[in-house]
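Student: Pasting a structure here, questions to come.
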Amino acid sequence: MAKWVYTFGAGQAEGSAEDRDRLGGKGANLAEMCNLGLPVPPGLTIVTAACNSYLEKGRSMPEGLREQVREGITRMEKITGRVFGDTNRPLLLSVRSGARASMPGMMDTVLNLGLNDQSVHALGHDAGDARFAWDSYRRFIQMYGDVVMGVDHEVFEEVLEDEKARLGHEQDTELSAVEWQHVISRYKEAIEEVLGLPFPQDPEVQLWGAIGAVFSSWMNPRAITYRHLHGIPAGWGTAVNVQAMVFGNLGNSSATGVAFTRNPSTGEKELYGEFLVNAQGEDVVAGIRTPQNITEAARIASGSDKPSLEKLMPEAFAEFEKICNALERHYRDMQDIEFTIERGKLWMLQTRSGKRTAKSALKIAVDMAEEGLISKEEAVARIDPASLDQLLHPTIDPHARRDIIGSGLPASPGAATGEIVFSSDEAVQAVKEGRKVILVRVETSPEDIHGMHAAEGILTTRGGMTSHAAVVARGMGTPCVSGAGSIRVDQRNELLIAASVTLRKGDVITIDGSSGQVLKGEIPMLQPELSGDFGKIMQWADASRRMTVRTNAETPADARAARSFGAEGIGLCRTEHMFFEDDRINVMREMILAEDEAGRRTALAKLLPMQRSDFVELFSIMHGLPVTIRLLDPPLHEFLPKTDEEIAEVARVLTIDPAELRQRVDALHEFNPMLGHRGCRLAISYPEIAEMQARAIFEAAVQAAHDTGAAVVPEIMVPLVGLRAELDYVKARIEAVAKEVIGEAGVNIDYLIGTMIELPRAALRADTIAESADFFSFGTNDLTQTTFGISRDDAALFLATYQQKGIIEQDPFVSLDFEGVGELIQIAAERGRRTKNGLKLGICGEHGGDPASIRFCEEAGLDYVSCSPFRVPIARLAAAQATINGREVAEVQALAAS
């Protein structure tokens, strides 16, 4: 028969901290504390597999579970000298959840289980405090009624508030035993009125009702949401911990509290926490009474006139402080600890690794490494790479009031406040006038780049995490919320229409690009700080990692920002972004609208010095580091005007007939531009465009090498190649231009020509394509689109539904799809290197900044990842963790093999 139950108590436990997967975090740590000889109330843990079995079998308890729980309770009875269900010396229980990953507050708890109309008298007699017994009973009815029976907790709150008002009491603690009895009678009446059922008096019925409720809470909406947000698989299930109750509400020599072994906000090495005298655990969290400081130093710092635990109960405090230090040394991490003091006796109820801010995490990791508790590699592995966003961008003050008017996708982290503007030109003008703005659009296009650059933040009602707005905003480090479908933009009347409010141009909003929230008004911000601890962790990370980290950048500002964050080159320079500046877009349009090659070459001659100067600046900033430049990729219609007003204006500037321009725009329109006339197909149709870009690159390389003294080896990348012949055609044109420039300059130029792998055919035919390529860069944005057959700009319409319904666990445009897209990358890497040993491989899609995707890149043997500038520190840390993890896995495999 399966073993469903593991017991602990009296210094012995069947499990340990190693059994987290089986016993959940809480159960494993209770067992571990027990094995360490710490004062832990006896109990039992029902394994996570029992939860999965219960949910899979239509909420039916697994065979053998009831018998094993009964055996565990018998052991608890022997240790405590109390009997479950007895009316003289009743054993009361707590029933708590405990998943293997910490999910604070997401699942259910029941305390004081086992009380009924008879045993409450025995509890009062035994404790010598009738009021305590009736208070415990009403808490149990309230909790059980809500969690197990499904009666809204507000029903109980209304009864209690009504009774307090009738009696003239302010606090719960003022009610007497008799008064609590009256509240309990009303509670039971309310339950019967709502459900038509009496409150259960049989402790066995109570116990199994509570166990079932905790199992079921694994699938409650808030738990499901939390799992989605934190990447916790639904298949893990939760353990259930059934433990003998100890009471912090047994008078003024009793207390309950929560503490951290270091400050979770700052990371300072100090005992940090709160407690309440004469209270149960949930009172500390509920905020019904103001908690007191644990240490005297904290009390003095806070200015509180209430005594600290250190002063009030010095013996219990001294023991608690000693245990806290021992637990931190044992687990080698900052601990979050729950405790109860029952009539002077200290009991440990929980320990777990404490949640902490990014700033605190850095300090704790660095300090512990320098204290010798952990190694530098362990310190690097302790930091959540995604949390570094908190350090690189302003964030909303967590204590600030939020007036949320809508929400979308957290497309680019950080928070921003400004006046609403509805066009990019307005954004630029407002900034010239010294005003801060949020650019609000249905969706953005490349022509909005000037407004996006000027705005403090960007809000779009359409688009996903890899939409134009999201990608560009991340690259610029500008906060962005995309796909806010609950908000409507009335462009004509310049209105932002939300469910609760309609706002006009000039009204102030705040966007939180880290959560996706859109808020009315100006909200207080916290400014980012990069501490010395950040620098140390990055230094240790760089010493550990194998892959290099480049950036996606095409502007000097982006390139400088990326260098300051530690980028080791440019992995993707999107040359088309350089053509959207005001002084260039019309020259580009002149080229597109030219009637023949001669006309195109005339316009391209005007663009050449512009591109060359851009490349000179990028090469100079990178000072000898690799720079990968992608030739023109998007379809030409993206550069053309769209509305009648825009067409009229462009026709005026180019001195052509608006009707003729409209006709040309319509002729270039494509039904599916993502799969249309773009990438290398443009270079083959109009080779003069690729030739101009190649000349600009080579001339810039010569000049930058002369100016800086650093060797410049440009890497020219041909996009959207599916056939080797396509690459061969474009490569021949590039090499011809290189030969011309070398002859003109009288100096040799080293360069590489490679391709983006962004089509499934290219991945499958990588062996032949590698014969003509010096490097591959995986363009995972398009490779994901073409593998799934999903347009990333439309994906937001249904991918969220897919996640909610469990069809996919992650948005494949945010975190790489390892099974499909990932396999294509592995195939291309293996086949490409089989043809050309040492072929350089990198990734330059948005996945280059995603920690899970970076881990995959390490496993696939890629040489570098490339991401937006503000994600470079995240990628450096994630790449180091991937290397460390890979080394550990290899060591385990080698050990197993021997």
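Every residue gets a Cβ built from N, Cα and C, even glycine.
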Student: Among Arg563, Arg574, Arg695, which residue does Swiss-Prot annotate as binding substrate together with Arg630, Glu758, Gly779, Thr780, Asn781, Asp782?
Tutor: Arg574
Student: Helix, strand or coil: which one is Cys844 (active site, proton donor) in, per DSSP?
Tutor: coil
Student: Looking only at the region 'Central' (413-511), report the model's average pLDDT.
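Tutor: In the predicted model, the region 'Central' (413-511) has a mean pLDDT of 89.
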Student: Expressed to the nearest Å, what is the distance separating Cys844 (active site, proton donor) and His468 (active site, tele-phosphohistidine intermediate) at their Cα atoms?
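Tutor: One finds 15 Å between the Cα atoms of these residues.
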Student: What kind of secondary structure is Arg96 (ATP binding site) part of, going by DSSP in three states?
Tutor: strand
Student: Below 8 angstroms Cβ to Cβ, which residues of this chain, lying six or more residues outside the region 'Linker 2' (512-546), approach it?
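Tutor: Here the qualifying positions are 267, 359, 362-363, 365-366, 369, 376-377, 379-380, 383, 388-397, 400-417, 457, 459, 473, 479-481, 484, 487, 498, 501, 503, 566, 858, 873, 876-877, 879-884.
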Student: At least three Cβ pairs under 8 Å linking the region 'Central' (413-511) and the region 'C-terminal' (547-898), pairs spaced 6 or more in sequence?
Tutor: yes
Student: Could you give the Cα-Cα distance between His468 (active site, tele-phosphohistidine intermediate) and Arg96 (ATP binding site), in whole Å?
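Tutor: Cα-Cα, rounded: 46 Å.
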Student: Helix, strand, coil residue numbers for the region 'Linker 1' (356-412) per DSSP?
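Tutor: When I sort the residues of the region 'Linker 1' (356-412) into the three classes, I find 28 helix, 10 strand, 19 coil.
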Student: Write out how many residues of the region 'Linker 2' (512-546) are helix, how many strand and how many coil, based on DSSP.
Tutor: 13 helix, 7 strand, 15 coil
Student: Report the DSSP secondary-structure composition of the region 'Central' (413-511) as helix, strand and coil residue counts.
Tutor: 27 helix, 32 strand, 40 coil
